[in-house]
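Colleague: Annotations for this protein, taken from TrEMBL, read as follows:
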DOMAIN    26-140  domain 'PurM-like N-terminal'
BINDING   28, 74  Mg(2+) 4 binding site
BINDING   28, 74, 217  Mg(2+) 3 binding site
BINDING   45, 122  Mg(2+) 1 binding site
BINDING   45, 74  Mg(2+) 2 binding site
BINDING   52, 267, 324  substrate binding site
BINDING   104, 121, 122, 148, 219  ATP binding site
DOMAIN    152-303  domain 'PurM-like C-terminal'
BINDING   220  Mg(2+) 5 binding site
Ligand SMILES: Nc1ncnc2c1ncn2[C@@H]1O[C@H](COP(=O)(O)OP(=O)(O)O)[C@@H](O)[C@H]1O
Ligand SMILES: Cc1ncc(C[n+]2csc(CCOP(=O)(O)OP(=O)(O)O)c2C)c(N)n1
Ligand SMILES: [Mg+2]
Ligand SMILES: [Mg+2]
Ligand SMILES: [Mg+2]
């Protein structure tokens, strides 16, 4: 099997059959023309036991919560408001009704935060591992396209929160399992892995501000998501290590470890994007009023589509698009 991204490219239809389809495969979510006022945002993500979680890394509540969070995160990366969700679950015989109830409680807890309704789904048995697939439907003001291909030379690269913690938490969970008495610092990383929160409010601020933004949520690691922006926009991105937002917990680890988790870990579900310098100043002003953060982490220039990393007193280095890639 070729790598995940090449495979998706190979099955992407060459043309749209429906005139109302604004954006199909290729971004965080599809966009479909809705009313005069708003377009529909639609996306789907799956979590598989053994690939995205094990019973040692996540309690059933975490599994439901995180699966919905990952989907809402793709709506956030389009600047959308999540509104409805559908759930498909394939259940092995070994899972109890009580555990399944906890998965749904996890989803419902997050859905309550965003006032989302569960509107359907599908239930099947399986001889394999538990599989949970969620489709989220949301909306965004019509004409808003916060797409990966929107980056332009001269833009600032920004992030809306820390990255690397979720991968750190996973490493701890794989080593000790979730019943281990973790230190407070370790608990911060474990929580980032088990209960990540999507950055909907940051995406909304960008959509409402009506500025050109390239945007991507960080599911596969900063290097991979930044490379997607570089490749789809045909620009060069340079990230500055010292500016990349790192939690206090992450900073307690050696720099090499921080780099591995932050650049190549994934599952952070904060946003990375680019916009013009003058718009960025305006956004930072607006963000202050609502307690959101937009952190400048680098710049966009004309050049071969790639991502470079600048560290103090070291030669600039090209980042490889490593990160989480199913099949490779
Ligand atoms: N099996 C598939 N069939 C059709 N489209 C797919 C498939 N897998 C992924 N896609 C589409 O490919 C794009 C990239 O997917 P993915 O890397 O999973 O995005 P994300 O990391 O934002 O969830 C998305 O537009 C997604 O809808
Ligand atoms: C037991 C276990 N092993 C490994 C991982 C790491 N992991 C699994 S999937 C993934 C990337 C995100 O999932 P994906 O299905 O690629 O989501 P998408 O990019 O479609 O949002 C990562 C970092 C994990 N979460 N749990
Ligand atoms: Mg995404
Ligand atoms: Mg996906
Ligand atoms: Mg992925």
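FYI, residue positions are counted from 1 along the chain as it appears here.
Here the Cβ of each residue, glycine as well, is placed from N, Cα and C on the backbone.
Automatic prediction, not curation, is the source of TrEMBL annotations.
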Colleague: For the substrate site given as 52, 267, 324, which other residues of the same chain have their Cβ within 8 Å of the site's Cβ centre?
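Modeller: Everything else in range on the chain: 51, 166, 219, 220, 266.
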Colleague: On a C-alpha basis, identify the one among 52, 148, 217 that is nearest to residue 74 (Mg(2+) 4 binding site); the candidates are the binding-site residues.
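Modeller: With Cα distances computed to residue 74 (Mg(2+) 4 binding site), the winner among 52, 148, 217 is 217.
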Colleague: Based on a Cβ-to-ligand 1 distance below 6 Å, what subset of the binding-site residues 74, 104, 122, 219 would you report?
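Modeller: Listed by sequence, the hits are 74, 219.
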Colleague: Among the binding-site residues 45, 217, 267, which have a Cβ atom lying under 6 Å from any atom of ligand 4?
Modeller: 45
Colleague: For the substrate binding residues given in the record (52, 267, 324), what is the largest pairwise C-alpha separation in angstrom?
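Modeller: Comparing all Cα pairs, the maximum is 11 Å.
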Colleague: Rounded to a whole angstrom, what is the C-alpha distance between residue 324 (substrate binding site) and residue 104 (ATP binding site)?
Modeller: 26
Colleague: For ligand 5, which among the binding-site residues 28, 74, 121, 217, 219, 220 have a CB under 6 Å from it?
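Modeller: With ligand 5 as the reference and 6 Å as the Cβ limit, the list reads 219, 220.
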Colleague: State the Cα to Cα distance, in Å, between residue 217 (Mg(2+) 3 binding site) and residue 122 (Mg(2+) 1 binding site), rounded to an integer.
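Modeller: Counting only the Cα atoms, the answer is 27 Å.
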Colleague: Could you state the CA-to-CA distance between residue 121 (ATP binding site) and the residue listed as 'Mg(2+) 5 binding site' to the nearest Å?
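Modeller: Pair distance, Cα basis, whole Å: 26 Å.
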Colleague: Tell me which binding-site residues (45, 104, 121, 220, 324) have a Cβ under 6 A from ligand 3; sequence order is fine.
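Modeller: Passing the 6 Å Cβ check against ligand 3: none.
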Colleague: Roughly how many angstrom lie between the C-alpha atoms of residue 28 (Mg(2+) 4 binding site) and residue 45 (Mg(2+) 1 binding site)?
Modeller: 10
Colleague: Looking at the domain 'PurM-like C-terminal' (152-303) alone, can you tell me the average pLDDT?
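Modeller: Mean pLDDT, the domain 'PurM-like C-terminal' (152-303): 97.
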Colleague: How far is it from residue 122 (Mg(2+) 1 binding site) to residue 220 (Mg(2+) 5 binding site), counting Cα to Cα, in Å?
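Modeller: Cα to Cα, residue 122 (Mg(2+) 1 binding site) and residue 220 (Mg(2+) 5 binding site) are separated by 27 Å.
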Colleague: Just the number: how many Å between the Cα atoms of residue 219 (ATP binding site) and residue 267 (substrate binding site)?
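Modeller: Checking the Cα atoms of residue 219 (ATP binding site) and residue 267 (substrate binding site) gives a distance of 4 Å.
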